[in-house]
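The following features are taken from Swiss-Prot:
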- Cys98, Cys100, Cys125, Asp127: Zn(2+) binding site (BINDING)
- Lys239: ATP binding site (BINDING)
- 9-19: motif ''HIGH' region' (MOTIF)
- 236-240: motif ''KMSKS' region' (MOTIF)
Amino acid sequence: MTTKTRFAPSPTGFLHVGGARTALYSWLQARANNGEFVLRIEDTDIERSTQAACDAILEGMNWLGLTWDEGPYYQTKRFDRYNEIIAQMLEQGTAYKCYCSRERIDALREAQAANGEAQKYDGCCRDLPARDTDEPFVVRFKNPIGGSVVFDDHVRGRIEFSNDALDDLIIARTDGVPTYNFCVVVDDWDMGITCVVRGEDHINNTPRQINILKALGAPIPEYAHVSMILGDDGAKLSKRHGAVSVMQYRDDGYLPEALLNYLVRLGWSHGDQEVFSLEEMKQLFKLDDINKAPSAFNTEKLVWLNQHYIKTLDPEYVASHLQWHMDDQKIDTSNGPALSAVVTALAERAKTLKELAASSRYFYEDFAEFDAEQAKKHLRGVALEPLQLVQQKLAALTEWTVEAIHQAIEATATELEVGMGKVGMPLRVAVTGAGQSPGLDITLFLIGKVRSEQRISKAIEFVADRINS
C-alpha cells in the first residue's frame, strides 16, 4: 500500500511553527516511504476562515519547500459529498436527527455538572421514529454503546478510549453545515490517507473519527500525535516568545533550511547529529523516533543553524534569498557586485540575512557620512599620508584584482614603515564608512576601483579639513 499523508490546516491565521513542524513530519513520512503528500484546507469554520490566511499558509509551505502531490483541497467545496454521506448514514441508521433545543442541552449539562458527571449528550433522540416536521435539528452520529476504541499511536503507543465516555457527536449543524470531525473522516477516506500526523490536541478526536470510519466501512489510518512546542520558560509557545509565524522568520532573515532543520529536531533525533539536509531527513526520518515529551523552542540554536547554512550553502542560492531582504531594505543591487560574491565575503560575519543585507549596503550605495566614532578614532591627521599613498598605488593598478589590491596596501605599509593597521583601519573607514568589513582586499575589489578611489578622496578631504580646523 502506498503511504499517503496529509497536512490539513485551518485558514484562520498564519502558518505557525507548530503547524509547520506537523507539516514537515507528515511530509517526511510520505517522502521517506516513497509516498504521497496531500495539502487540504479545512475551512468549514466559515466565520473565522479568510482567504488571506489561506494565502499565508500556501506562501509558508512554498517558502519551506514542502511541496504537495495533491491539493490544495478545500472542504467548503466538498459539502455535496459530505451531505451525500450524511444522507446515507441517516438511511442506514448510523446517524439520526436530534431535535433537542439549546435550552434542553444547556440544562442537561448543568445538571450533569452539578452531579459531578461527565458532560455528554444523553441520547434523547437516538431511537425516536422519524418525524415529519419543520423543527430545527442537528444530525448526530450514533456512537457505539459499550466496548472501547483502541489504536497504536506511533508517538504515544497504545491508546484506549471507552465508548461510554464518548457521546453522540454532532456531524451536521442546524444550518446543514457538516462539522469538522465528520469532514475530516470523509476526506481521509476519499483521499486514501494511510497515516495521520497531527498535534496531541487532536487525540480526543481520534476515537470519534475511528468510530465514524468503522460505521462507513472505511479503512483506519495509522496515527501519530506529536507533542506541543513550548517556549524556553516552559509555557505554550506564543507571540511573547518571539516570532511564531513561519513567514516572520523569513522576514527576520532565516533561511528555510535552517528553520526546517531546527523544527525537525524539536521532538525527533538521530543520534547526536544536529545538522540535517532535507535529503538526509528523508532518508533517516521515522515516526517511531519522535519523542512524546514536549519540546522547548530555543532561538539561540536556530540562530546557530542559520549561521551554519549561510556559510555552507551555495552562495548563489543564499543570494536568491538575500535579494528579498535587499529589496525590503531598498538597496538597489543593479549597480554593484554580484550578490553571491557579497554573500561569500560576508557569510562568516552574518547571523541572519537581514543583518547581511544591512551590512552590505556600502557595496552598492555611497554613504553620506563616516561613522562618527570610527572617524574620530581612525581618520585623524596621522592617517593623511597613508591614505594619500595607498590611493596613489591603487590608482596605478592596471588590473583590479584581490591580489593586486593586497599588494598595494602591503606596499604602502612597507614604504611608510608602519604596521598594516595604520594603513588598513583608515582605509576601511574611508571605503565602508564604518570600522568593520571583510578583508580589505576583497572589500575594495567588490566596491570597485572608481568608487573606491572616490571614497578615499572623500576621506582625505575629511582628514585635511580636520587638520585645518
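Including glycine, each Cβ sits where the backbone N, Cα and C put it.
Features as recorded by Swiss-Prot, highlighted on the structure.
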residue: Cys98; record: Zn(2+) binding site; CB count, 10 Å: 19
residue: Cys100; record: Zn(2+) binding site; CB count, 10 Å: 16
residue: Cys125; record: Zn(2+) binding site; CB count, 10 Å: 17
residue: Asp127; record: Zn(2+) binding site; CB count, 10 Å: 9
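Compute the center of the Cβ atoms of Cys98, Cys100, Cys125, Asp127, which mark the site for Zn(2+); besides them, the chain residues with Cβ within 8 Å of that center are Tyr96, Lys97, Tyr99, Gly123, Cys124, Arg126, Leu128, Arg140. According to DSSP, the motif ''HIGH' region' (9-19) comprises 3 helix, 1 strand, 7 coil. According to DSSP, Cys98 (Zn(2+) binding site) is assigned to a strand segment. Per-residue pLDDT, averaged along the motif ''HIGH' region' (9-19), amounts to 93 for this model.
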